[in-house]
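Features of the protein shown, as given by TrEMBL:
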type: BINDING; residues: B:H27, B:H259, B:R354, B:S381, B:H464, B:D472, B:H476, B:R523; note: substrate binding site
type: SITE; residues: B:H27; note: site 'Important for catalytic activity'
type: BINDING; residues: B:H66, B:G113, B:P114, B:L115, B:G155, B:N184, B:H259, B:F440; note: thiamine diphosphate binding site
type: BINDING; residues: B:D154, B:N184, B:I186; note: Mg(2+) binding site
type: SITE; residues: B:H259; note: site 'Important for catalytic activity'
type: DOMAIN; residues: B:351-528; note: domain 'Transketolase-like pyrimidine-binding'
type: ACT_SITE; residues: B:E413; note: active site, proton donor
Number of protein chains: 2
Amino acid sequence: MSDIDNLAISTIRLLAVDQVAAANSGHPGAPLGLAQVAHIIFKNMIQNPASPDWLNKDRFVLSNGHSVALLYSLLHLAGYPLSIEDLKQFRHINSKTPGHPEAETPGIDVTTGPLGQGICNAVGLALAQEHIAARFNKPGFEISNNYTYCILGDGCMMEGVASEACSLAGHLKLSKLIAFYDDNHISIDGDTNVAFTEDVNKRYEAYGWEVLWVKDGMHDYEGITKAIEQAKKSDKPTLIRVTTIIGYGSKMQGTHSVHGAPLKADDIVQLKTHLGFDPSKSFVVPEEVYSYYKSFADSGAAAEAKWSAMLKEYSSQYPELGAELKRRIAGELPADLESILPTFTAADKAVATRKLSEGVISKLYDAVPELIGGSADLTGSNLTRAPDAVDFQPPSTGLGDYSGRYIRFGVREHGMAAICNGISAYGANFISFGATFMNFVSYAVGAVRLSALSGHHVLYVATHDSIGLGEDGPTHQPIETLTHLRSIPNLSVWRPADGNETSAAYLVALKNKHTPSVLAFSRQNLPQLAGSSIAKASKGGYVVHGSEAPVAAVVATGSEVGIAVEAAELLAKEGVNINVISLPDWFTFDAQPKDYKLSIFPDGLPVMSFEVLSTNGWSKYAHEHFGLDRFGISGKGPDVYKYFEFTGEGVAKRVKKVVDFYKGTEVKSRLNTAL
Amino acid sequence: MSDIDNLAISTIRLLAVDQVAAANSGHPGAPLGLAQVAHIIFKNMIQNPASPDWLNKDRFVLSNGHSVALLYSLLHLAGYPLSIEDLKQFRHINSKTPGHPEAETPGIDVTTGPLGQGICNAVGLALAQEHIAARFNKPGFEISNNYTYCILGDGCMMEGVASEACSLAGHLKLSKLIAFYDDNHISIDGDTNVAFTEDVNKRYEAYGWEVLWVKDGMHDYEGITKAIEQAKKSDKPTLIRVTTIIGYGSKMQGTHSVHGAPLKADDIVQLKTHLGFDPSKSFVVPEEVYSYYKSFADSGAAAEAKWSAMLKEYSSQYPELGAELKRRIAGELPADLESILPTFTAADKAVATRKLSEGVISKLYDAVPELIGGSADLTGSNLTRAPDAVDFQPPSTGLGDYSGRYIRFGVREHGMAAICNGISAYGANFISFGATFMNFVSYAVGAVRLSALSGHHVLYVATHDSIGLGEDGPTHQPIETLTHLRSIPNLSVWRPADGNETSAAYLVALKNKHTPSVLAFSRQNLPQLAGSSIAKASKGGYVVHGSEAPVAAVVATGSEVGIAVEAAELLAKEGVNINVISLPDWFTFDAQPKDYKLSIFPDGLPVMSFEVLSTNGWSKYAHEHFGLDRFGISGKGPDVYKYFEFTGEGVAKRVKKVVDFYKGTEVKSRLNTAL
Ligand SMILES: [Ca+2]
Ligand SMILES: [Ca+2]
């Protein structure tokens, strides 16, 4: 190791320590142990801090996101717009340096912190890269060849989500993924010996990874450097285990007390002194360290310039591919998507929305080449595979190739969602999708929440969306799931009632670049509604069945809308006129102007919600509820609906009670509120 | 293999096939492949079908729960109260034979179906057994020595939750756990080669398991039998990989088309003919098969009788332990728990509820020996370890022993929850608990939902329950979590506001034997309220701060109750009298008589909810809301609260708006409804 590398590493260490000290909060331990590894990674990375969105830059994911002070130090040195003043504001309100990495900060590729997610995102980033390379690279034009680097700690290693994604990464032979395992033998409960004594190397070998081990991660600079070289030569993803000492250089090094609390003042003094820094000063960066890092940035800028020139030439030789790439880099959807989406009339036959979804996906597959995804081993049930889809597989399997866009995720719902986040984070306008039964979206919500927090363009296809799935019974029938998902900020949760609404759901979901969407579909057939249209459903909610002078309204979603219309017709025969409101996506509806919303839910109209899931949340729109606040039962779908009186008659009966109850009282719209 | 074994296996196969055919729905593939394995397991198991709750019986978990027709066949033969008529009602509404195993059926130890859960439950069952043995066994008195058998398939193998629990099981050396991996190379998407090519044996060896492999699972009867013998000798948990053929004997054997759909009629005919059965008959059990299985039941009954006699003698030699065991088997809590719970007055100092929880746990640790659990590597933050707790560890580690009741789960939230379900399912009155940050309960909800569905007595300790956690920022700050959990049927979700409410939460949670509870606790200090008491809080909701002729009410939970009281005091100075309602657990409150609930939320009183999380769901009680329908921010906790105006002033300002808005209008209680 040269003197300048040594000085840079010391600088990184102390910047991290100073941030945590200034905030009086944070995690100094991992940055002290990892500064050398991270410095070597950044030395190896080809990136241009002036151009954080460059498609072919190397990616970096800090999966142990609590070590973020390390990352801020590196981003500052690398030349990203993160000043020393910003570092001083670490963990302060509205600073550019929050307590965990957030992708809004330039240079941060993915938001991390929840353990295990980052390494899965890295798998997604590496998968996206392989796909871009397979689609666009041509002889003499290596449009895509970037690496994805990742650091993960013991916590990530223990998380099941990481196991899922890493097993799949091994299967997929994502050879440009280089992950460093910070093996410091410490987690929050103390020595990892209390809970984590498995043979990690052997496990990753079992997954089909290349596994290298640098046993003296605190001193073996050459070993780390060589390991990266070796990783680049492998045809597998590589795990470089680096045995480190947490809090290296602190008086408390090697203990868990250095994990999540600032170093004491005297400890900082001895550390700075030992590293040759003035202990009376903080946030010090020697000029030569800036210059050194400037040289990396200059190389990166030169590399990007070369790449851009190549792209120009490429576009003239391959105009179609060039145009596609340009469009995708610009973040524009293909033109005129509306026109390819199926539309329906009431004369069309009843079809399950999962089947209607298959129809839409089949249209989109060719039209939207940035759409990539698959199912967690439920392809035949989720119906997510376009007929002419090619599987994303290592060509050596003979089952597909990397230009394929259908991903066989295996029974790995959480890993699937986290990988989808990584694919979306890659850029190139990627829209990723993952499918499972709606009840098992719950397995994945740790990642779904991060889709929403980060604004990843991910679609979750969630079929078998109610007790209507029938015989599989209560272990598979969602009850709480929709309420849960609707409570996550920045998440669209569609539950279309028919073909037009299914097309609308996809249309809005594709257009909402920074809002992920859950698309809930029925197992069972649903009638095509006379009152639906793509335009109306695109508002998130509308009157699908109106009456003259209605005395009440039923608001429903998905499979219940048709039943509600049936109830309205039964009631009309008895002279009770009601409206039926279809509300396929609360998120989209809530964003409409208030007068539109009040036109759907006006004062004076008692409203009953009807959805065969938890009623929790429906009071927001409705005064009364008909739903399922208990677990379901096993039986044929129609029998289960009848058992709970989820029928036209059952709805009509309850509406009459509601009408009687509110007769002569002042009924305020639930949307007419003070706050 | 003897003729009778052969005949029994054929009988099991055909009973399963006939069930699926009768239901015209279900999964015949795995039962056909696994009948031999399952028969051998049942031959080995010591159980008394007349006494399904016998503490020391061997346990069996079908982790690939979709194979349930296999299990029903076995339970019928074994002599559990499941008749041929019941088998004919497979997957019919209100039958005893729903589409996945449900623990209500006698002989079914845990509800399974959601993939990966069962093997984790098996880990919990084996853990519970080790603990009972360590606590109660004495020389000459082997009170506990039962085995836990489990079958899992490729789906379970791919799930991260299983990886988590199996890694921990290896660390814990749970040697009485014997798991069979049904290696049939098929999952729903087809050949497992499309997504799952890892080396499973190597992975389980890496976890510290004994791994055996029976390569011809369709014919090698002796191999399977011997593998069980070998497993019993190991000091590790054992994985017996059995390579099988899905749908064995069907014309479609070895393909995924035999996984989840009934066999065709002609296929059933050829299968029955081939197995020597009359193809014109269904649900046939030869008398000799009944006799054969009767002999297993007789052995089991004799074993239980011997055990009961031993327990009698044990109780006289070890009266204290004997009494404890008797009490626990009877399902009774220790007497007089109320008296040991801490109580507080307003004069007591402000304390974080997580700290108050630690105080309660410390009291309970000695008083309630069936309480066992720990944290997912956040012990020092969750504060879940009683000062005199002993770790549950293999004695060889020197870190504890199996009589210990503090479990170091590692960073494995989902596995933790699923293991807790298994511990609770063991019986012996076990109350298990698992702790993490509230935001990461979301990682575990696949298992939390099953706690609720099965009525497992599990406590989830969820600290850092809001943006009040501060600097860790939005990746760690829960928003949707409470709404989500409150939407799960049969789940108590406590968010106590102070010491008395914390004691009440534990008291109710301990007494609710068949309802799991989430206990949400603050990171930050909260004042002791003048108006709280254990008795009042035990109703789930009450007026904590009343006023003469209130013009509005604020309903709040946890950390927001004290702020609401502050707001009430500010408003009182301006002549605006309001009530403050504390609603620590919706589930408990909702179960109160309607007149009590209406006394808290009477007609005429506009109510504003105040909780610094998603407002979704609060319309059930409140007309207006003050909460957080966006992600949080990183900063010091008090700064974050101020930023969003979550202060006495901020609340008071909004209450005044609410009072103005509803002045002169007819305000109906949200609980005064038609349905
Ligand atoms: Ca560590
Ligand atoms: Ca299989």
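Counting starts with 1 at the first residue shown.
Each residue, glycine too, has its Cβ placed from N, Cα and C.
Just so you know, TrEMBL annotations are computer predictions that nobody has curated.
Structure coloured by features recorded in TrEMBL.
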residue	record	contacts (Cβ under 8 Å, 6+ apart)
B:H27	substrate binding site	B:V20, B:H66, B:S67, B:V68, B:A69, B:H259, B:G260
B:P114	thiamine diphosphate binding site	B:G65, B:G446, B:L450
B:L115	thiamine diphosphate binding site	B:S63, B:N64, B:G153, B:G155, B:C156, B:M158, B:E159
B:N184	thiamine diphosphate binding site	B:G29, B:A30, B:G33, B:G153, B:D154, B:T243, B:T244, B:I245, B:I246
B:R354	substrate binding site	B:S381, B:N382, B:L383, B:T463, B:H464, B:F521, B:S522, B:R523
B:D472	substrate binding site	B:H464, B:S634
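Using a Cβ-Cβ cut-off of under 8 Å to chain A, the binding-site residues B:G113, B:L115, B:H259, B:R354, B:H464, B:H476 reduce to B:G113, B:L115, B:H476. In this structure, the binding-site residues that sit close to ligand 2, with a C-beta under 6 angstroms from any of its atoms, are B:D154, B:N184, B:I186, chosen from B:P114, B:D154, B:N184, B:I186, B:F440, B:D472. Within 10 Å of B:H476 (substrate binding site), counting CA to CA, the recorded positions B:G113, B:I186, B:E413, B:F440 contribute B:F440.
Taking the Cα of B:I186 (Mg(2+) binding site) as the reference point, the closest of the recorded positions B:G113, B:E413, B:F440 is B:G113. A simple way to gauge crowding: the CB of B:H66 (thiamine diphosphate binding site) has 26 other CB atoms within 10 angstroms, across all the protein chains here.
A 10 Å cutoff on Cβ-Cβ distances gives B:F440 (thiamine diphosphate binding site) a total of 23 other Cβ atoms nearby, all chains included. If you draw a 10 Å sphere around the CB of B:G155 (thiamine diphosphate binding site), it holds 25 other CB atoms from the protein chains shown. With every protein chain in view, the residue among the binding-site residues B:H259, B:H464, B:H476, B:R523 whose Cβ has the most Cβ partners within 10 Å turns out to be B:H464. Summary for the recorded positions B:D154, B:E413: the Cβ-based neighbour count within 10 Å is maximal at B:E413.
Under the three-state DSSP scheme, B:D472 (substrate binding site) falls in the coil class.
On its own chain, B:G113 (thiamine diphosphate binding site) has B:G65, B:H66, B:V68, B:G99, B:H100, B:P101 as residues at least 6 apart in sequence with a Cβ closer than 8 Å to its own Cβ. All protein chains shown were included, and the count of other CB atoms within 10 Å of the CB of B:I186 (Mg(2+) binding site) stands at 26. Mapped onto three states, the DSSP output places B:H464 (substrate binding site) in coil. For the domain 'Transketolase-like pyrimidine-binding' (B:351-528), the model's average pLDDT works out to 98. The Cβ of B:S381 (substrate binding site) has 18 other Cβ atoms within 10 Å, all protein chains considered. Comparing the residue listed as 'active site, proton donor' with B:F440 (thiamine diphosphate binding site), their Cα atoms are 7 Å apart once rounded. Within 8 A of the CB centroid of the Mg(2+) site residues B:D154, B:N184, B:I186, the other residues of that chain are B:G153, B:D182, B:D183, B:H185, B:S187, B:T192, B:T244, B:I246.
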